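Engineer: Here it is, the structure, as structure tokens.
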């Protein structure tokens, strides 16, 4: 048994004041609990551990030879990784292409950005600053990218601007260091630019246009930065 003591004077005061009716239904308690629950920070250890088991979408399985590349040397972008060498630059890849090859360049960028490593790509017509000088934007993109992919096609060879891009990329990274990746598409080996004769190229005549080899080359280079 319990004894309930009621202060009738206080009860009359409470009765006189307007009180908004509240429905104490299960839905009310659920809403109150949900709204008061603190949201997890995207980079908190709790949210990272809970999301680690979720599979990534829009990605194809990596070949066996790359199974040791994706982790831990190339982790997803987190605030804790900001001090690593990979995140010291704004982009992983700068794609250089001719204007008539824009669709092919967009397909390559979509493939690289949709991979497990979530490669960060610079595509000039998409990522350049509006109103910025074209040459300055290109030089800035090359210096802010770890790798440069040259999409070499018949249109690329005939465009003086593309030749400037190629020479500028070689100036930023002279020598065969692995960060400049030529992708030969729609050309024979005899048409390979003599400026790149000291570099191996990716043959784009395969079923995937050489995209997978480009991705592997970029990931291999990024692995050397760790």
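Using the three backbone atoms N, Cα and C, a Cβ is placed for every residue, glycine included.
Note that the structure is predicted; figures quoted are calculated from it, not measured.
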Engineer: Could you tell me which of the ranges 35-87, 88-140 is annotated in TrEMBL as region 'Disordered'?
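Structural biologist: Checked against TrEMBL: region 'Disordered' maps to 35-87.
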Engineer: Taking each of the disulfide-bonded residues 94, 139, 147, 179 in turn and counting other Cβ atoms within 10 Å of its Cβ, which one has the fewest?
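Structural biologist: Looking at the disulfide-bonded residues 94, 139, 147, 179, the Cβ with the fewest others within 10 Å is that of 139.
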